[in-house]
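Working notes, beginning with the structure itself.
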């Protein structure tokens, strides 16, 4: 694969204070301080975080649609689509299962809930009833049927990632099958990609404001002190996720010829955004763009990233088995090996419906415990207060897992420019887009 060289010299480095990751860090620190010292006012800033996430969700559907359609329509052989999808699902299934097992093993070794001796009958279940009610709406058949939208337009109106993915794949295949007659449509969609991604860049400038509001609300409402009683569970989850990313995914990255630490550094701005908003979905458009810049083919990025947001949730899977066994230990429920295998199997299925939105992990945990009656659902009240703090770690782990999956599947498919990947991870790749000249410097375009 040929690497095109920039037409001119690279622009001067952007000062650190103008870089997104620095601005997000400052916003998170200021938001945390405000939440601690002025909790009442900080709680009122929740709309800032919510508004930013809504802005990002607004652009996700067009980004996914354009990336997938132009990628598939540009493929020489349509068999490639099925092959990439099959490889992606194989990867997702293996590592999702591994994450569930890791969470279960850590729960047995660390025993975070041992000695609490909680009586489930004495717990206030009213706080978790909302989540349990939502979890009853989750089922495998319902999840699969929900992938098919009521109309082509409703997929975009509802912003359902899997529905948009479904429509985009079908439209991309149809566009490829009509051949030259579809060339004008493909050219239009490729031209439309530029302003859509420019809009993504514009929205990302509001990331510090969104992160500030979200973290201020979190600290103001729940307080840092709410972590103390369940610090052992929270600490176990963070350390387990760190182990999964640095060791397990680190080994995978090393076998594929790159460093997971360099990948994390490459995605630092997006990771800080995910940290501030507790939603991996907030950085989805940027992740897709950066994976293309890192040498992954557009068609692979368009299929792997959106699919991974529902099927490759490593952080959520670790959380589900760890939290379920914590509740079992805290309520003195001794699970047999068969019951634990059942728990793992149910968690595997229920986790597939959890998209990268805040609170999805807690809902899928409720779905799992509702199906496995051995662990009391009322025990979820024990972790409700600290679940919001574990949400950040879930989202970060999910995000990194999907970035690694994109590179691995691209390499597996021989659709990875390794030289470009090295340049990007070393910080030597050209910027995502060239600076836009002022209006008076734009030359008129002659008609062709």
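Numbering starts at 1 and runs along the chain as it is shown here.
Glycine too: its Cβ is placed from the backbone N, Cα and C atoms.
Given the structure is predicted, the values throughout are model-derived calculations rather than measurements.
The feature compositional bias 'Pro residues' is assigned by Swiss-Prot to 432-441.
The annotation region 'Disordered' is assigned in Swiss-Prot to 428-448.
Residues or ranges marked as transmembrane segment in Swiss-Prot: 20-42 (among others). Beyond the transmembrane segment (20-42), the same-chain residues lying 6 or more positions past its ends with a Cβ under 8 Å from any Cβ of the stretch are 204-205, 207-209, 211-221, 223-224, 268-269, 272-273, 275-276.
Swiss-Prot lists 51-73 (among others) with the feature transmembrane segment. Residues 81, 155-156, 159, 161, 164-165, 167-169, 171-173, 175-176, 182, 186, 189-190, 192-193, 196-197, 199-200, 203, 206-207, 209-211, 213-214, 277, 279, 281-285, 288, 297-303, 306, 358 of the same chain lie 6 or more positions beyond the ends of the transmembrane segment (51-73) yet place their CB under 8 Å from a CB of it.
Here Swiss-Prot flags 88-110 (among others) as transmembrane segment, drawing on sequence analysis. Listed by sequence, the residues of this chain that lie at least six past the ends of the transmembrane segment (88-110) yet keep a Cβ under 8 A from its Cβ atoms are 232, 236, 240, 243-244, 248, 303-304, 307-308, 311-315, 317-322, 324-326, 329, 340, 344, 347-348, 351, 401, 405, 408-409, 412.
Feature annotation from Swiss-Prot assigns transmembrane segment to 138-157 (among others); the stated evidence is sequence analysis.
Per Swiss-Prot, transmembrane segment is recorded for 161-178 (among others).
Long-range contacts of the transmembrane segment (198-220) within the same chain, counting only residues at least 6 positions beyond its ends with a Cβ under 8 Å from a Cβ of the stretch, are 20, 23-24, 26-28, 30-32, 34-36, 38-43, 45-53, 55-56, 59, 63, 272-273, 275-278, 282, 285-286, 289, 388-389, 432-433. According to Swiss-Prot, the transmembrane segment annotation covers 198-220 (among others).
Taken from Swiss-Prot, the feature transmembrane segment covers 230-252 (among others), and the record attributes it to sequence analysis.
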